[in-house]
Amino acid sequence: MEKNTDLIFAALFKLEEARQVIRDGLPSGLNQQEEMQLKEKISELKGIIQALETGTTGKKPGRIAGSIEVRTREEENINIQPIQAAGRLTLAARQAIIAYGDGYSTCDACRKPFRLDKISKPPIADFHTQLAQFVNMDQARVVPGARRGFQAVAQTVVEKGDSVIVSAFAHYTEFLAVEGAGGVVKEVPLNKDNIITADATAEKIEQVKLETGKLPTLVMIDHYDYQLANEHDVKGIAKVAHSYDIPFLYNGAYTVGVMPVDGKAVGADFVVGSGHKSMASPAPSGVLATTSEWADKVFRTTQMVGDVTKRKFGIKEVEMVGCTLMGSNLIAMMASFPEVKERTLHWDDEIKKINFFVDRLLTIDGSKVLSEYPRKHALTKVDTTGSFDRIAAIHKRRGFFLSDALSAKGIVGEFAGATRTWKLSTYGLSWEKVRYLADTFTEIAEHYELPITKQ
Ligand SMILES: Cc1ncc(COP(=O)(O)O)c(C=O)c1O
């Protein structure tokens, strides 16, 4: 029985390796013969995977159980879905999920003092130390999503009726975290370039003080927002917040795990990141890091005593509800971490790729970029109302024609039928795939005789 399980795991690991080879495509620098041989191997692998996953060699998607279909989106396509790009798992993370999928698998070696971040086998305690170093803060905890990081901070610093400064582009989870703590959000307006500035933040703080007679108790700003992925002046804003003695939460949902983040250099009291958005980790996962000054407050331990039993659970942290991210989500996050750390050093190349793509898109007459440009982030909002949407107006598939044309070329991730003003990301795609992506848009434009400016 033991042996069988080992064999099945070994087979699943191999399967994951094969999926990765397919997903990454061919390495560059191959000669013609090598390329041909590899292509044959990949097509063979695809057949084997399909047979294993579907139990058939037919075309229909297989089912894992009931109506849950096998998902091969990343292997079979170029996925430009804006929020999925940096959450794609590494091979190591996929294997971790298989090995640690059982419920409380991380608790095998949980010994006194009985807390997740203290477990040394697997090395969860070390991972916490590394996470804090990674964002240059003093302490870190894993959390089930960035939202739980906002929640922990809001519950620590916000009291009923307090104001919290957020961006006019703040994510809804920031609103909910503030509301849950009994606070009220106050939005800093954007400037004409859709940027939140330090001056505008100072003005908003003054306005709140004047209107409520009280300073806000938290400033929480996204380094890159989710709507346009524009960069906001987090360093300047942190300085303003501190000049009023207000703590600053740096929302790194779109930065931690894709680009270098230095919480101390920003002047952050709290750094929040999203594992499933930007750290090649499964959902939900995330990180909350803080300074020594704030750690005792946001990671306060319970004081509660049972009135009958007199039980106490002293070591457990209240805002973390004891232990946070258990099982495969945490181990997969840990498994991806070395690659995640490494990839942040290549952010410049990701920026070159998105700018290459956007430059090419803009050669198609009528296309616009709504995000700041040149791009500083791989996530980008474009407006194709004046280009591809002109075709949609006369095409029998109407607004779906662009998605049809893209998926016929193996490109997925845009919301079918919603491609007037829309978001995409080139994050993590190889240069070969980015060029293919740009060529495909050009080809579709040429096919429908949209004018193209020569570069
Ligand atoms: C800017 C921003 N902050 C926070 C979040 C929430 O992140 P999570 O899903 O990890 O809770 C998102 C999610 O889309 C986001 O875009």
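Positions of Cβ are set from backbone N, Cα and C atoms, glycine also.
Record features, source TrEMBL:
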- Ala146, Arg147, Asn251, Ser274, Gly275, His276: pyridoxal 5'-phosphate binding site (BINDING)
- Lys277: N6-(pyridoxal phosphate)lysine (MOD_RES)
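In this structure the C-alpha atoms belonging to Arg147 (pyridoxal 5'-phosphate binding site) and Lys277 (N6-(pyridoxal phosphate)lysine) are separated by 12 Å.
By the rule that a residue counts when its Cβ sits under 6 Å from some atom of ligand 1, the binding-site residues Ala146, Arg147, Gly275 yield Ala146, Arg147. Across the structure, Lys277 (N6-(pyridoxal phosphate)lysine) and Ala146 (pyridoxal 5'-phosphate binding site) place their CA atoms 9 angstrom apart. Taking the centroid of the Cβ atoms of Ala146, Arg147, Asn251, Ser274, Gly275, His276 as the pyridoxal 5'-phosphate site, the other same-chain residues with Cβ within 8 Å of it are Val143, Gly145, Gly149, Ala253, Val272, Gly273, Lys277, Ser278, Pro284, Ser285, Gly286. Binding residues for pyridoxal 5'-phosphate (Ala146, Arg147, Asn251, Ser274, Gly275, His276) extend across at most 14 Å, taking the greatest CA-CA distance. Listed recorded positions: Arg147, His276, Lys277. The one with the lowest count of other Cβ atoms within 10 Å of its Cβ is Arg147. The Cβ of Ser274 (pyridoxal 5'-phosphate binding site) lies under 8 Å from the Cβ of Gly87, Gly145, Ala146, Gly252, Ala253, Val256, Gly257, Ser285, Gly286, each on the same chain and at least six residues away in sequence.
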